[in-house]
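Pulled from TrEMBL:
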- 3-324: domain 'RecF/RecN/SMC N-terminal' (DOMAIN)
- Gly30, Ala31, Asn32, Gly33, Ala34, Gly35, Lys36, Ser37: ATP binding site (BINDING)
Amino acid sequence: MTLESLQIRSLRCIEDLQLQTHTHWNWLVGANGAGKSTVLEALHILGTGQTWRHGPRNLLRDGDNEYLLSARMPDHFLALRRRGEEREIRYDGESIHSAWELLDILPLQSLHSENSHFVAGSADDRRRIMDWGIYYVDAHYGQIFREYRRALAQRNAWLKHPHGQNPWDMALAEAGERIQQLRQDYLMRMAENLQRLWNAWSGSTDTLQLHLQAGWKEGLTLRESLLRDQGSDREMGYTHSGPHRANLVFRVRQKLALDILSRGQLRVMGMAFRMAQLCLIQESGYQLPVILIDDFAAELDQSARIWWMEQLNQLGVQVFAAVTATNQIPVGQAGKQFYLAHGQLEKECDI
Ligand SMILES: Nc1ncnc2c1ncn2[C@@H]1O[C@H](COP(=O)(O)OP(=O)(O)OP(=O)(O)O)[C@@H](O)[C@H]1O
């Protein structure tokens, strides 16, 4: 996937910005508050329908009443307009009704401060990042995932106001077991690349092990767990067991990685995981996502940064990366620099 141009109107500090983008590296350069993250945020909204940070966010530029984002791709045009609660998405002039469709129109891999520490972060973050990768290499995963989410929401609603027999366990258990199976298959498929990347990147010869805790009691099927938990689920009003409670655990030397590695090493491990996800997408013959990087320099030393860039170069992906100064940009990569100040493009140059 490659963007040819991007237009942003009335998003946060940006009034109107147009970028003619490069097929490989697009460096967004500017001081704090210049608008770099806003450009990345615009791309994220276009590719997912959602902002990339948690919590309430005032995305609309002060004083304006709607924002408009659009991207031109080879032979395609995607536009998203938001006014209050109303959202309109158009792809080649046709309306798009579900943001799920955006995942296929503009696949993105987002690396930013809130998700770059996922190895040591929350189980939710690790699950989200793993599921992201599976979605792009398994044509059935999105559908099964949605079925599971629907059955889970219905079971939770039933638990709050139970009447008659619980009709949702069967569908939930079936989709849930399938999700666990597909997740395990995925982790096996990416294990070799992950090991290779981790060893090359960290300089360590340690074996890296991934362990997936299913989200329900070991030794039981999900159906058995749901039956067993029904009383406590009713008391709490939600479903305790299932792949929505799964946890991906990273281990090195038989120990939890987060107990024995430094913050920087954990970050490298997380980046190796995400790089292994990209390698698997490429090996599977699917289109590679556009990469968004909001904290390029953070916590990676010079050699780790250069190594990582080389990997991205080998994949030939399109990257948008924010930096506060040009000396953070490693030399020798084909691309463009966009200098931003106060939400405006001051100048651009090829590198
Ligand atoms: N709703 C809004 N309307 C107008 N300006 C806004 C709005 N929300 C945020 N801003 C301004 O946008 C700027 C933030 O832009 P952004 O986060 O894109 O900066 P940045 O270049 O990524 O900075 P940093 O390097 O600090 O992350 C700030 O100056 C902020 O005051």
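Quick reminder: no glycine exception, Cβ is built from N, Cα and C everywhere.
Distribution of TrEMBL features across the structure.
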residue: Gly30; record: ATP binding site; CB count, 10 Å: 23
residue: Ala31; record: ATP binding site; CB count, 10 Å: 12
residue: Asn32; record: ATP binding site; CB count, 10 Å: 7
residue: Gly33; record: ATP binding site; CB count, 10 Å: 14
residue: Ala34; record: ATP binding site; CB count, 10 Å: 21
residue: Gly35; record: ATP binding site; CB count, 10 Å: 26
residue: Lys36; record: ATP binding site; CB count, 10 Å: 22
residue: Ser37; record: ATP binding site; CB count, 10 Å: 23
Which residues, in sequence order, are found in the same chain with Cβ within 8 Å of the centroid defined by the Cβ atoms of Gly30, Ala31, Asn32, Gly33, Ala34, Gly35, Lys36, Ser37 at the ATP site, excluding those residues themselves?
Thr38, Ala322, Thr324, Leu340, Ala341
Listed binding-site residues with Cβ under 6 Å from ligand 1, out of Ala31, Gly33, Ala34, Ser37:
Gly33, Ala34, Ser37
